[in-house]
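Engineer: Quick one: the structure is below, questions incoming.
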């Protein structure tokens, strides 16, 4: 929404001339009604999607959820009451309803701006301070920041709108009109426009520019890293030495030809796995290493002992068993494999950086769409606010009405931005609209399963 309503700048304006024809009234009513319906439907889809699809329950999407709540309030109350105001040509619902509408409208509008600032700062710190910031980036902290954004918006607008007339001792709002009393002076309206629109937009654009520059720098670093890799070396090779660990002291090794009578099931060893999580914008590598700290690229293969059934009975003699053969890198093996490990480490680092870059670009794309929609829909009205400060009669009444409504349209566009830039939102919207949401298991499945190596058992 906007920072000030048209009557706040020109209190003596008749909102809609009573002489409007029935076709004009019908056109305005149908158009605004459809916009209100689209706004409510779109933002309800966002809320329901967040509820049913656990893949969307991420820290970044908590801010989008808060923004959708503000847009839902605007679509449900602000749009419809303003349409009534336009069609009737005067405010007929009383002074209390007027003040409550204005308070709700301005609190929700300011909360939208605050949420956009939170999204911008969240993306900025995630890109520029990935280690320190993401350690503190939890759902609880996100909820706290969202709560503060709404609290600040409420404190700034609601008390002043509701109680200003009691502070000054009289109500100066003209009969049949609805606007904020303390914004009747153009200079005050100009100040609120600067603080509530131009300053936040400047901060958002600056942060987005910094995010763009940082993302481009990372893309160049990734290209340089990938270009320095040597193909065909160190893809999965590891040099290791085998050490025999007897099952008991003094027991000889099992002859090569001996067959086990009891075979263990195959063991699964995970060398590394990708974690893809919308909440974290980077993939993380996990390595299975020995207790002595092998490098992530090394592979540990444990062969379980094959114990004879007869040897399991209690006896004074130590049981005979096949040796525990542990295949693990040694210092000597590492020295020989040093050249092969480096390319593998670079390959894993390149994969991690690629995944991080993809996530950052996707989040930046969503942010850019939201910011672009916000700037395009809010700028015309706020330009008219500046013009009216120096020339009261230079802005036609029709432009005021269009500019005011265009601010509302931003709440209609935001859910479309989520769907266009986020495949998870888009797929969930489609399933909900087709009434097929119950046919899908809303459970997050890792998109990059870990690479699992199977150690085969001995064949009898």
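Just so it is clear, glycine is given a Cβ too, placed from its N, Cα and C backbone atoms.
The annotation topological domain 'Extracellular' is assigned in Swiss-Prot to 1-22, 85-95, 165-185, 391-401. Per Swiss-Prot, N-linked glycosylation site is recorded for 2, 12. The transmembrane segment feature in Swiss-Prot is assigned to 23-48, 63-84, 96-121, 143-164, 186-209, 367-390, 402-420. For 98-178, the entry in Swiss-Prot reads disulfide bond. Taken from Swiss-Prot, the feature phosphothreonine applies to 230, 428, 455. Taken from Swiss-Prot, the feature compositional bias 'Low complexity' applies to 238-247. Taken from Swiss-Prot, the feature compositional bias 'Basic residues' covers 328-343.
Help me see these features in their spatial surroundings.
Structural biologist: Residues 64-65, 68-69, 71-72, 74-76, 79-80, 82-83, 86-87, 405, 408-409, 411-412, 414-416, 418, 425, 428-429, 432-433 of the same chain, all 6+ positions outside the transmembrane segment (23-48), place their C-beta atoms under 8 angstroms from a C-beta of that stretch.
For the transmembrane segment (63-84), the residues of the chain that approach it from at least six positions outside its boundaries are 1, 28-29, 32-33, 35-36, 38-40, 42-44, 46-47, 50, 93, 101, 104-105, 108-109, 111-112, 115-116, 118-119, 122, 142, 146, 149-150, 366, 370, 404-405, 408, 410-412, 414-415, 418, judged by C-beta separation under 8 angstroms.
Helix first, then strand, then coil: DSSP counts for the topological domain 'Extracellular' (85-95) stand at 5 helix, 0 strand, 6 coil.
Spatially close to residue 98 (disulfide bond) yet at least six residues away along the chain are 91, 173, 178, judged by Cβ distances under 8 angstroms.
Taken through DSSP, the topological domain 'Extracellular' (165-185) splits into 7 helix, 0 strand, 14 coil.
Sequence-distant contacts of the transmembrane segment (367-390) (same chain, at least 6 residues past either end, Cβ-Cβ under 8 Å): 2-4, 9-10, 67, 116, 119-120, 123, 186-187, 189-190, 193, 197-198, 201, 204-205, 208, 211, 399-400, 402-404, 406-407, 409-410, 413-414, 417, 420-421.
The predicted model assigns the topological domain 'Extracellular' (391-401) a mean pLDDT of 86.
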Engineer: What else in the chain is close to the transmembrane segment (96-121), if you only count residues 6 or more beyond its ends and a Cβ gap under 8 Å?
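Structural biologist: For the transmembrane segment (96-121), the sequence-distant neighbours (Cβ-Cβ under 8 Å, at least 6 residues beyond its ends) are 1-3, 5, 60, 63-64, 66-67, 70-71, 73-74, 77-78, 81, 145-146, 149-150, 152-154, 156-158, 161-162, 173, 178-180, 196-197, 200, 203-204, 207-208, 367, 370-371, 374, 407, 410-411.
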Engineer: May I have the DSSP-based helix, strand and coil counts for the residues of the topological domain 'Extracellular' (391-401)?
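Structural biologist: Across the topological domain 'Extracellular' (391-401), the residues distribute as 5 helix, 0 strand, 6 coil.
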Engineer: Near residue 428 (phosphothreonine), which residues of its chain come within a Cβ-Cβ distance under 8 Å, counting only those 6 or more away in sequence?
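Structural biologist: Once residues fewer than 6 apart are set aside, residue 428 (phosphothreonine) is near 45, 49, 52, 53, 56, 437.
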